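S.K.: Dropping the structure in here first, questions after.
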């Protein structure tokens, strides 16, 4: 084409060819119309726009046809001469040049491939997804494989049989159709199907089954059979065994549904009342003929609760149908007592608050004086609950309660996961043994008195050395003994007794062969020269005394301690003999030190060293400490006793910053083998922080001098023990050079007040945190000391942080969802177009919508500094909390201070380093929201494309899916018809039916799910409408389709934004829906009263109805139009931003602890947006300023338009417009330009 006949306008993004019309024919040839289009919205800096009109458009094939006048299609009515920024309609038409070249035919640098444009415009989101994916993978790997402990449980076996209590019907409980009560019978042991022993009730936990009792019940039956076989008088002691009852609770999700906790607790009270009613008849029926003791009728039931079953058992005390005194002992296994594991529902938090308040006050007002509460937890391997929440020292006084982790239980010494704590053979055996020892059928409570049974439970679960109290073995008597009572008497003059099997054999084969039949020997340790603060340490392997007991028994014998005084020294041949008289003295029971490696077979017998410490001060006037031992040794083992003047105790107070590097602690070098301590204690003065795991590496030192230390090899490998002063957690490691130290303590959201209702000062001090204690036992005859290197294990620490802040991801995701929606509304109100890309213009894309997509808003939030602001806030918020708490500590009440510390992620035990955790959560949560946006966009896009493709193939489907009401609103010349959309009848009927169902039958959570799915289908439908309305060829390039496609794309992005915003509310509906479906399966139709509250879904419902037909109106106007916004619109805009800002701040501070509140916050915001949309209609009628603006604002979304352009007079109907959108001649297409080159080229 000649250059004189061509005018080229080069904008900042694309080139549009404007060709003069052939005067002779009035037609123009066009190479392609498939790529035709122009930018419908100019950039904010553009001052003018290019209006291009055309009178006729024909195809290239008809260029020389004489019938071209029959194919003309009017695009506009403007025929004025070319003005500034315009071209006459008689002179030019649009020619969408697909090659995007300049006047010389060169490629524009802005004409890029779609993939390159996508990468450039979404680079921040892609980087965010990459970082989030890396952090997420590391987090998941740490969660599943970063456990500091290794499983080691042996499998338990049983022969269960469950007898359903059919008489427990609706005459006893209203839940008879929903829950069931069973009696456990052990095959081969229980011959009767009636209960006559001591009743015990098992309550399963979250989604638990009544069959989970079988391991504990079977172990109890086995333990009682062994006890009865060894002690024929057990019946006279009131030990008659247990009858295990268990309840089937429909496997309900009590951890997520608070109303189920109340229902189950109500059922438990009814079950206890029924169980107690069985015994007046059965106790007399099954009384043993040889029984000399009369058993009392039971007035209470022992309750064992697993997981949430423990919470249900404690909740039963607070209900009106609870019988006072019907439960006097509760044992809980892996029960989160202090806080719910997942606060996804309001009722769960409410139940916890009321129950814990009742129990805290119950021990003060006397309601719970005789109740004992024992909490046993699994520790680090329990990934279902946070074991910090199992500590009950803040709920009950020590005289009534006991808290311990399974890793510190004698003969268990293992971390257990949430389910294995029930079937683990070691745990079941130990737990059953404890239950057997506290039973007493002679008492109405069927249990020993409170003080006695608590003492037995501490002795069974804790080690006596850890308990700090002395216990006298029953074998000790007040009778005096002399040399004649022993096979031999040996005095260890050097102050240390070292006995090996060969040493004891030599002593036995000496001059005392005539006394071998006595079976015991006396070893004397002189203490008369030792100071009163000295300690006698004893460490021995019980296998040394195995010959004194039945085969296979290696732990039954315990040394007897005596205080001895010298009578005289007699000469027995060539060796003088010391004659003594001895009397038994109290001594602590031994502490067991397990000798098990991490890779040992759990089915093999577990050996343990026994360790004791006897203060010299208790010997008083005695010259010797006598140790009565078997004369004949076993095949293996050793015995070591020495007097230690000063126990080796090291103390360090490292900071977390110091532990980022390697911290090395060295013990002093031992100078002599005499008086060297076998135990060394290191105290680390660290905060009670359960978030960090410390990697400890032990390097032992030994002397090269053979004359100083006798042993050529160690008698035992080093043993490491972690503990603290609360007696809550202790762990052992044997023969391991590298171990992970971790704390389960009172971290975030747990009460920190000291126990005030403890009368025993010693027990009260046990609840105080006094640092992390590390004890190391090593052979003093082989090692001279050791070095302990400590550092933070970040990989395993991440695992523990996830368990404690797993709900924080929901809260942070909601914060980002609010910010994304807020950015979309602000961009929409400002009229800024963020969706136009150079690629879309150069490829001839149609007009770009002004409402930004979710991914565009996320990209902008990253680029405009919002992400940086939140990262800084995440780091500074914990620091600010600590500073304010320190300044106001003496002013605020304890309750106020506790509430302040529990804001955000909590500060108790966190340390200053915890500021890094919320920073990571901010990044990961934004990546999670971006992933949600991608998934939702992909689903809607693919589904809409499929629908549009099907609609294009089948006319009936196309007619159904195409929006005729939208197309009819636009005339053929591209102008909008001033008409309003009719009120749809079918949605109105559906609304009424929906409300009726929610009020009567379905919970509002189900209603929200329906609303969400309807919104998803609406977004798909709207996107398919936009696709069908968009011009895809020359014959469909009409202003009508450009307008409709533009409007529908705006609305589709708005609907998709709402969908992303509502996605954060889905997790809070899942628990109720699961419980509701399970209740329907058993024909149970009773729900919580709040489940049918219409207010809980009214906001979502109203916005869903309005957003289906209208986009949210713009609440501000084009400043270049020089039209001031109305006062009402200004107030609505400010209130909208305030709503979103308040929601962000509230979610930031409160929702991590209670995330369920986010559902109500999102509902309130949705209600406000619905109000804004609904307020558009009356305001449009009453605002005169609005009418003027509606007649001057561009529907195609141009943020700025030329003042020279004459606005159209047709107003925009409510179907398409907001406060700032109005009709404009649709035959005009706007192309942005960034400089003054347009004016010069047009001239």
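Any Cβ shown, glycine's included, is placed from N, Cα and C.
Unlike curated entries, TrEMBL annotations are predicted automatically.
Straight from TrEMBL, here's the annotation block:
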type	residues	note
REGION	33-83	region 'Disordered'
COMPBIAS	37-46	compositional bias 'Polar residues'
TRANSMEM	123-144	transmembrane segment
DOMAIN	198-437	domain 'GPI inositol-deacylase PGAP1-like alpha/beta'
TRANSMEM	807-825	transmembrane segment
DOMAIN	849-1174	domain 'GPI inositol-deacylase transmembrane'
TRANSMEM	867-892	transmembrane segment
TRANSMEM	912-945	transmembrane segment
TRANSMEM	988-1014	transmembrane segment
TRANSMEM	1056-1077	transmembrane segment
TRANSMEM	1097-1117	transmembrane segment
TRANSMEM	1129-1150	transmembrane segment
TRANSMEM	1156-1179	transmembrane segment
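Could you give the neighbours, burial and distances for every feature on this list?
M.R.: Long-range neighbours of the transmembrane segment (123-144) within the same chain, counting only residues 6 or more positions beyond its ends whose Cβ lies under 8 Å from a Cβ of the stretch, are 383, 795-796, 798-799, 802-803, 855, 858-859, 862-863, 920, 923-924, 926-928, 930-931.
Here the transmembrane segment (807-825) has long-range neighbours at 342-344, 851-852, 854, 857-858, 860-861, 866, 870, 905, 918, 921-922, 924-926, 928-929, 932-933, 1053-1054, 1057-1058, 1060-1061, 1063-1064, 1067, 1112, 1136-1137, 1140-1141, 1143-1144, 1147-1148, 1151-1152, 1155, 1158, 1161-1162, 1165, meaning same-chain residues at least 6 beyond its ends whose C-beta is under 8 angstroms from one of its own.
If one looks beyond the transmembrane segment (1056-1077) by at least 6 residues along the same chain, the residues whose Cβ comes under 8 Å of a Cβ in the stretch are 252-253, 256-257, 259-260, 344-345, 810, 813-814, 817-818, 820-821, 824, 851, 853-854, 857, 929, 932-933, 936-937, 940, 1002-1003, 1005-1006, 1008-1009, 1011-1012, 1015-1016, 1019, 1087, 1091, 1100, 1103, 1107, 1155-1156, 1158-1159, 1162-1163, 1165-1166.
Same-chain residues lying 6 or more positions outside the transmembrane segment (1156-1179) and placing a CB less than 8 Å from one of its CB atoms are 343-346, 348-349, 810-811, 814, 818, 1058, 1061-1062, 1064-1065, 1068-1069, 1096-1100, 1102-1103, 1105-1107, 1110, 1112-1113, 1115, 1126, 1128-1129, 1132, 1135-1136, 1139-1140, 1143, 1146-1147, 1150, 1186, 1214, 1218-1219.
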S.K.: How does the model score the domain 'GPI inositol-deacylase PGAP1-like alpha/beta' (198-437) in terms of mean pLDDT?
M.R.: 91
S.K.: Against which stretches of its own chain does the transmembrane segment (912-945) lie, if we need a Cβ under 8 Å and a gap of at least six residues from its ends?
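M.R.: For the transmembrane segment (912-945), the list is 125, 128-129, 131-133, 135-136, 139, 656-657, 691, 801, 805, 808-809, 812-813, 815-817, 820, 853-855, 858, 861-862, 867, 870-871, 874-879, 882, 904-905, 1016, 1019-1024, 1026-1027, 1052, 1056, 1059-1060, 1063.
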S.K.: Are there residues at least 6 beyond the ends of the transmembrane segment (867-892) whose Cβ is under 8 Å from a Cβ of it, and what are they?
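M.R.: For the transmembrane segment (867-892), the far contacts come to 815, 861, 900-901, 903-905, 907, 910, 912, 914-916, 918-919, 921-923, 926, 1148.
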